[in-house]
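As annotated by TrEMBL, domain 'SAM-dependent MTase RsmB/NOP-type' applies to 146-475. Residues or ranges marked as S-adenosyl-L-methionine binding site by TrEMBL: Cys247, Ala248, Ala249, Pro250, Gly251, Gly252, Lys253, Asp271, Asp306, Asp327. Among the features that TrEMBL reports, active site, nucleophile is placed at Cys377. The region 'Disordered' annotation in TrEMBL covers 437-456.
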Amino acid sequence: MSIFPRIALKPEVHDYLRNVFINKEVLAAVSQGEAEQRFQMLLSCLSHPPALTCVRASTHLAPLEEIQQRLGEELKQQQRCDSQSEDISITILPHPHIPDVLLLPVIGPRPVVQLSSEVIVGAQCGSAVLRGAHVFAPGILATPKFMKTGDAVSVFSDLEGKCTRGNKDFKGKRVFVGNGVAEMDRSNIFCSDEPVKGVGIRMVEPLYQSPSFDGVLPSLAFLQNLPSVVVGHVLGPRPGERILDMCAAPGGKTCHIAALMGGQGEVVALDKIIGKVERIRQNAKALHLDCIKAHCFNSIKAVCTDQAQDTEGPPFPPQSFDRVLLDAPCSGLGQRPSMACTWNLKEICSYQPLQRKLFHTAVQLLKKGGILVYSTCTVTLAENEGQVVWALNTFPCLTLQPQEPHIGAEGMLGAGLSPEQLRLLQRFSPELGWSAAEARGEDDSPTEQPESPIPLAHRANKDTIGFFIAKFLKS
């Protein structure tokens, strides 16, 4: 159900994306009206949160059923301790096809009455609130002049990034995300000599109801978008292998790979920012995964030609790894919810050359007979199917492979790939599910009584972030 305006894009970006979704190959397969509807539904669904929260369970530490039970108990205890929050029933269901995924329906949009006192938060903070988070103090941009701890406030997300920190009465474009209670005075948020930390607004009536996972079973339950979990399974890591995660921060996919190996083997994780590398190490420690070796290193430079190089750390000799995951830096135009994108076209197009440099490194470091998985969280052709065409032409040693599981849609028309090649790709296209619901004129939002597991899983597979996966074999 659409309640927010379509994602706000700069005109040049809007036209660029429209041309992607209404290209000649698409128009040869469907009508102009159908292609236009898909594009408009994409813009609508990107500004709304997915209908389900996905939790990856640490099944290397405990059975899924035990984690499911303990998670339910923890969330109910959290609810009892937060006396100001509403008493909402919590449903947790296993995904029928992904053995380490639990699904929690998101209830919303809900009839929440706006209050007179307004707090403005940044777009990233607002997106987190729509997915179950409280408002942390660094994300707060504006509050009432005399806001005190305990005040009831309505929380709004800044749509255009124009609200300056410390504002008292912002009148720019914003959207309502729910009501909360201030945990800090205004002076503590904006007048502190040290960086402010902690929860600034505790959400008690969010527009979309989803549990907060802050501190909940940190070693057993990991919040992760469903397509990101699918990537680890598609890579297919096996115990004893040596695997490279080239752009690993914050470490969710790295830890999943290590868990699928049962901690047996080695997972090398690279990122060029030391703070992000520390985050990877923290996640690995929390999940008891000792086989992860995280290094602060630029993956583009991760190949050395000196065969005598110590292979314990980067750079590495060619053909050092059994499998390589290239979850590439990208324009991120598949992230949800995202109510506005302030990037220009030049910024969006800057990722394609970087992705190709990383691809060259990935192919060099992969052993013959090894598997390379390429993924992004964007919806453009140039960064997805276009890169597959380029890779197949540039590296004759690479061939596309079937993916398991394959719960998304096939690849998108427009890059010149054959129907057989498109079927081997996996594109998570949330607008396809939205189009069907809107065409029926139905309110497709979850209710207090969730559906049975099969329809729920069907929705979970479709109502995701925008995501792309390609799997290659090196011969």
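Yeah, the Cβs are placed from backbone N, Cα and C, and that goes for glycine too.
Cβ neighbour count for Cys377 (active site, nucleophile) (all protein chains, 10 Å cutoff from its Cβ): 23. Of the residues the record lists as binding S-adenosyl-L-methionine, namely Cys247, Ala248, Ala249, Pro250, Gly251, Gly252, Lys253, Asp271, Asp306, Asp327, the two whose Cα atoms sit farthest apart are 32 Å from each other.
For the domain 'SAM-dependent MTase RsmB/NOP-type' (146-475), the model's pLDDT averages out at 91. The separation of Lys253 (S-adenosyl-L-methionine binding site) from the residue listed as 'active site, nucleophile', Cα to Cα, is 13 Å.
Note on Lys253 (S-adenosyl-L-methionine binding site): other Cβ atoms within 10 Å of its Cβ, all shown chains, come to 25.
Neighbour list (Gly251 (S-adenosyl-L-methionine binding site), Cβ cut-off 8 Å, at least 6 residues apart, same chain): Ala269, Arg279, Ile280, Arg281, Gln282, Asn283, Ala284, Ile292, Ala294.
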